[in-house]
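Okay, so here's the structure we're looking at.
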Amino acid sequence: MVTSDERHEGDSGCFRVAPAQGRREALLSSGMTLDNINRATVDRIIRVDHAGEYGANRIYAGQMAVLGRSSVGPVIQKMWDQEKDHLKKFNELMVAFRVRPTILMPLWNLAGFALGAGTALLGKEGAMACTVAVEESIAHHYNNQIRTLMEEDPGKYEELLQVIKKFRDEELEHHDTGLDHDAELAPAYALLKRVIQAGCSAAIYLSERF
């Protein structure tokens, strides 16, 4: 049961949730209420970002299952720990903005783990190639969301923008880490990257809508 004093806080802002009887007056950030935001846009952004961070967590879980005890294990674990923080934040935002998760979560659970484990079986280069492909797709998607919110009202969506920008920058760090750890030496790197990114595009499209 959510109380009127419950808060969800992180490095990128505070979101206060009102009690059930006062939902129409819930203050989510400075000057931002459930009634004066573009609900369709915010719902779509948070739903797909939650799904994406959940999928990323499952990918890293799959990679760690295969490579956790290898020399690259600590590198993967560090990136995974950041993804856990991302997912925690979007779990909080889903409550604050009253957004339902995508109905495809069970699919992303299985597909994410399979992708992580499958590419890790190609060796550390395969795992890092997967990281480069996925993180590049996510960063591009975050940039599109930033543009959308900036065009609508950057002041109103300031705290949400801070979250997305911070996570975008961390995804780009993961992308660079993958390149630094020989991603481009993976078997059929260019083809593998294209296939993974096509899958990411499909997952984004479906998660936004369902």
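For all residues, glycine too, the Cβ spot is worked out from N, Cα and C.
Whatever TrEMBL says is automated annotation, not expert-curated.
So that you can see what the record holds, here are the features copied from TrEMBL:
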BINDING   E53, E83, H86, E171  Fe cation 1 binding site
BINDING   E83, E135, E171, H174  Fe cation 2 binding site
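Apart from E53, E83, H86, E171, the Fe cation 1 site neighbourhood in this chain, defined by C-beta within 8 angstroms of the site C-beta centre, holds G52, A56, N57, Q82, D85, L87, I138, F167, E170. Comparing E53 (Fe cation 1 binding site) with H174 (Fe cation 2 binding site), their Cα atoms are 13 Å apart once rounded.
Listed in chain order, the residues near the Fe cation 2 site other than E83, E135, E171, H174 are A56, M79, Q82, T131, V134, I138, A139, E170, L172, E173, H175, each with its Cβ within 8 Å of the site Cβ centroid. Across the structure, E83 (Fe cation 1 binding site) and H174 (Fe cation 2 binding site) are spaced 10 Å apart at their Cα atoms. Spacing of H86 (Fe cation 1 binding site) relative to H174 (Fe cation 2 binding site) is 13 Å (Cα to Cα, whole number). Cα separation, E135 (Fe cation 2 binding site) to E171 (Fe cation 1 binding site), rounded: 5 Å.
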